[in-house]
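**Student:** From TrEMBL, here are the annotated features:
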DOMAIN    56-292  domain 'Radical SAM core'
BINDING   Cys70, Cys74, Cys77  [4Fe-4S] cluster binding site
BINDING   Phe76, Glu182  S-adenosyl-L-methionine binding site
Amino acid sequence: MLRTSSPILAPIREKVEAGERLTAEDGLVLESPEAPLPEVGELANLVRERKNGNAGYYNINTHLNATNICVYRCTFCAFRSDLRDPKGYWMNDEQVLARGAEAVENGCTEMHIVGGLHHQAKYDWYRKVISLLNDNYPTLHLKAWTPVEIDWFARLTKKPIRWVLEDMKEAGLGSLPGGGAEIFHPEIRHQICEHKADASRWFETHREAHSLGLRSNCTMLYGHIEQPYHRIDHLIRLRELQDETGGLQTYIPLSYHPENNRLGIERKIEKPSGLMDLRQMAIGRLMLDNIDHIKAYWIMLGIETAQISLSYGADDIDGTVRHELIYHDAGATTPEVMSVADIERVIRETGREPIERDTLYRRVERDAESWRAGEKIVAAV
Ligand code: SF4
């Protein structure tokens, strides 16, 4: 039985209890400071437990950002580098392979691959990153390239997005991460990343990927210059895509970090509070009724907020992670890697049951030497 009692939330409570879809207007109510956060969280937790029970999912994963040199200048980005900046780097084949070897030695099931759009890199280099890793370390699931990158590859090759995805899939691409979404609404997108792939290209990429049998994730970067209606618009667009294709696995709300990037410095933006982080987690769970999983990315939120998030709608806290650069460049103070024992303890401390999953949400079964993907974890709809 729910304890929620705030009048402003009463109609929403009724809908959530009945399993009915919330409207954009409901979303704006959830955004309102008059909607008490603990009650919003309680409603999100109801949905979370209905879909995922007591599970707290994680995986053993690593990141690869094979270059940070980027033609774009998104104002929120602390990771990118100019071509001749001493901070810039561009990995060769040996460095990429070394990361694959390290990942496999450490039991990783997934490599998350994103990065800059190097002024001089040809499409073949990006493809080779995937084929080298896939050919040499076939047990690693390669979750790679946001729609911003796929759109860039389409420009480099002068081919359609579908062709790029088919070609990357042939090279070993396993699924798409959720990045590059930022805020879809043009009022904001034009101010923070005006040149890169717009919302329609982002959706086209995911739609095509799903039609090719690839699964993907989705994100929203919040807590900078956007307003609540931009965030709700963003979530509704994601929900509509999911109604159409069913290919989105996980939504990851991304909390803006203001250090070392133009947006934070020029507009003097403060980092979103922990309360804002929890509200966005809960709103994501409540609005995205057709997406199975909500992730509290501990690297970005901090471990404590990620733990609380497991009662505010989230059922997953990402993975052990190694080599994360993007949020650490923007001021994240979290560790760069967590051991399996630590991530399981972090989940268990919240009362949830830690479950190791692979990228496609299958239970991971391990023996001393190797691992295999077991049954698909089926979330209730
Ligand atoms: S967010 Fe991505 S596309 Fe934008 S500047 Fe940074 S690396 Fe480049």
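Our numbering is plain: 1 for the first residue shown, then up by one each step along the chain.
For all residues, glycine too, the Cβ spot is worked out from N, Cα and C.
Owing to the predicted nature of the structure, the values given are computational and were not obtained by experimental measurement.
Tell me about the surroundings of these features in the structure.
**Tutor:** Looking at the domain 'Radical SAM core' (56-292) alone, the prediction's average pLDDT is 97.
Counting only same-chain residues at least 6 apart in sequence, those with a Cβ under 8 Å from the Cβ of Cys70 ([4Fe-4S] cluster binding site) are Cys77, Arg80, Ser81, Gly115, Gly116, Leu117, His118.
Neighbour count (other Cβ atoms within 10 Å of the Cβ, all protein chains): 22 for Phe76 (S-adenosyl-L-methionine binding site).
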**Student:** Under 6 Å from ligand 1 by Cβ, which binding-site residues from Cys70, Phe76, Glu182?
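**Tutor:** Only Cys70 meet the Cβ criterion.
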**Student:** Taking the Cβ of Cys74 ([4Fe-4S] cluster binding site) as reference, which residues of that chain separated by at least 6 in sequence fall under 8 Å from it?
**Tutor:** Arg80, Glu182, Ile192, Cys193, Lys196
**Student:** Whose Cβ lies within 8 Å of the mean position of the Cβ atoms of Cys70, Cys74, Cys77, the [4Fe-4S] cluster site, other than those residues?
**Tutor:** Tyr72, Arg73, Phe76, Phe79, Arg80, Gly116, Cys193, Lys196
**Student:** Helix, strand or coil: which one is Glu182 (S-adenosyl-L-methionine binding site) in, per DSSP?
**Tutor:** coil
